[in-house]
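Mind looking over this structure? Questions follow.
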């Protein structure tokens, strides 16, 4: 998702994360037509203005409004939007799905995956609808009344565009606190910011878990059995820091397509190689439902479907936003069916197989927490695992962008450093080092890839996907006590229960494995 958002055009500045409020009149603060909007002081800029054009584009993730007088550009088609959404959701987290099916049982997991996919798609639509309704700065009175802005009309200037945290702030202005210096803090905005930062660090830690465990296993297969995960971490640490310090990571975004191809090839390899190795042990005699361990299913499912923190830049770039509902339905149908088939097949194939992955009990049978570990070593499987490790290594800085730029903006605003100064450079380098250190510390604390995915999905993704969007929509409803309002309140309750139960279950598993 961050790889896609890195290519979006820049927007005019908007105060966030404790920055002083600016006038609501967009024309008073917007740049002149034809000129590029400057970034807020919190966005670190390295090198020349030409070299940092991609950095300005990435700032659209954090909340810059569209210039109401800017010339409209042709947006994404429905197909392109659907592909972008699938690319956001497709990743290494899919390899934890077979173990999630083991936790839930074959048929119950299939049903719950369809339910979670449908619910995530529904709350995506809620989030996009709320953003359209709130962002009426450039809209006519009729559009304000209907809550919808037709963006495909070339004669109408583009509407104001909000990010997820801004939407929370604008929907709940009563939760704002203004300090004596005029700085505004909003409780819901800060919660959403926290969810984005936690997601960035958590996903980065999960990817480090995947890379270190896979490299240690590969090296042991090749005869270097004395190299453990800690030593492999020190091998990749210089690369992680180097990528984190890059002035411009837009070049890494172009590898997103290759990364998705690697994931698809990896999924196909698991199924084909699994049948070749365990075809004789494959069985349909698997549990239909497992209630006691069902909480272990929700984390990977939420991790898979919850792309809410990056969806607004995508929907805002559509040529016809009114088609977003259809796009969500089609893309989420493809993702749900594909992942359900993959998870079910792998459970059938590996149900009777043992797992010798690090941290797994000796008497454990079934798909490994990372299903790639269920395969024996072969040249094809090893090649796929190496490619996935390389892909994830270059994906880590893209994952950290969302949380990193939020923290950089807050730090530089608090320190009141001069733009493009050496002090600003040193502050951002120090902060990026701390972020990488926190990511590595979390990877050490949660060394299992499956547990890391479950923790991020159970806590961060449940918060940003199943709790906040319906809360915002209830606030904007004319009659919150209606049947629709009650249904959305039920979604909030489901999200809270899933968050608490899944997070508790995952933490218990982490403690037990330790």
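The backbone N, Cα and C atoms fix where each Cβ goes, and this holds for glycine too.
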Under TrEMBL, the annotation transmembrane segment belongs to which of these stretches: 152-176, 327-351?
327-351
Do you know which of 356-381, 486-511 TrEMBL annotates as transmembrane segment?
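It is 486-511 that TrEMBL describes as transmembrane segment.
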Near the transmembrane segment (187-207), which residues from the same chain, at least 6 beyond its ends, have a CB less than 8 A from one of its CBs?
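For the transmembrane segment (187-207), the sequence-distant neighbours (Cβ-Cβ under 8 Å, at least 6 residues beyond its ends) are 16-17, 92-93, 164-166, 168-169, 171-172, 175-177, 309, 392-393, 395-396, 399-404, 406-407, 435, 438-440, 442-443, 446, 449, 452-453, 455-456, 459-461, 463-464, 468.
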Does the structure show the transmembrane segment (452-474) and the transmembrane segment (383-402) touching, where I'm treating 3 or more Cβ pairs under 8 angstroms (sequence separation 6 or more) as a contact?
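These two stretches do not touch.
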Short question: which residues 6 or more past the ends of the transmembrane segment (257-276) have a Cβ under 8 Å from it?
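Sequence-distant neighbours of the transmembrane segment (257-276): 87, 90-92, 94-95, 282, 342, 345-346, 349-350, 371-372, 374-375, 378, 380-381, 384-385, 387-388, 391-392, 394-395.
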State, in range form, which of 107-127, 383-402, 423-446, 486-511 has the highest count of Cβ pairs under 8 Å to the transmembrane segment (296-315).
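Counting Cβ pairs under 8 Å, the winner is 107-127.
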Counting CB pairs under 8 Å, which listed stretch among 107-127, 227-245, 423-446 touches the transmembrane segment (383-402) the most?
227-245
Residue list, the transmembrane segment (227-245) vs rest of chain: Cβ under 8 Å, 6 or more residues beyond ends.
208, 211-213, 215-216, 219-220, 252, 358, 393-394, 396-397, 400, 404, 429, 432-433, 435-436, 440, 443, 447
